[in-house]
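K.L.:
According to TrEMBL, the repeat 'Solcar' annotation covers 62-150, 162-247. As annotated by TrEMBL, region 'Disordered' applies to 255-278. TrEMBL lists 259-278 with the feature compositional bias 'Low complexity'.
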Amino acid sequence: MALDFLAGCAGGVAGVIVGHPFDTVKVLGLYKGLGSPLMGLTFINALVFGVQGNTLRALGQDSPLNQFLAGAAAGAIQCVICCPMELAKTRLQLQAAGPARAYKGSLDCLVQIYRHEGLRGINRGMVSTLLRETPSFGVYFLTYDVLTRAMGCEPGDRLLVPKLLLAGGTSGITSWLSTYPMDVVKSRLQADGLQGTPRYRGIVDCMRQSYQAEGWQVFTRGLASTLLRAFPVNAATFATVTVVLTYIRGEEDQVDSEAAPGASTTPAGPALAQPSSL
């Protein structure tokens, strides 16, 4: 439904506003390359929440397995946008500063990649991105649904917003923890060959060489700063989506109630609209 996309868009905006300062910690290039995620994050969130909500409705039953499957489907589909967007960000961060820069911005970067490498170049790292995003988003939505139900998140609860923030932030952390090593591999594959001869023949070879050269710690490098950013960003995203959906649903129900013949004149209280179960 269009409401899922609208709420996801609002959540994306909230996530960008909250997460923007944290990128100065995670990325050594400071704000270099941020144009790409800022352009796409709002649309990606709209796509993710829209696909997840519609997939769950298509599955017909709100169960833990279906929560995971709907989230996984959303994660897989958004890779079409996420993978090129992160590729552009990686190349912008790695290019030398100064007037001799190869790319003027995210769009120019993707255009040049397409001209020289075609669609295969644009989709470099797609398999590793799918292996990261598909299970990650399954865990993401499943965790949020379980936590909000366990904490009894209902309209009228004076602690509703803090509970939603806690559930959303925790969902972001568990999502990253579930697939972070694959994110390391994906980033290395997308950066491979940009500043010299390509080193890796694929995902398995990248994992093998990385482990042999740097040990198992290589697969957790940058994890602390990623989790530091993940909690507030996903707390803001999920809480915003839930509140927006709850408000819109309440307005629609009130209009339907007023339009229905013989409807009660006493308005019913709005039910909490779970983004995963509408």
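Including glycine, each Cβ sits where the backbone N, Cα and C put it.
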K.L.:
When DSSP states are grouped into helix, strand and coil, how many residues of the repeat 'Solcar' (162-247) land in each?
P.N.:
72 helix, 0 strand, 14 coil
K.L.:
Average the pLDDT scores across the repeat 'Solcar' (62-150) and report the rounded value.
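P.N.:
It averages 90.
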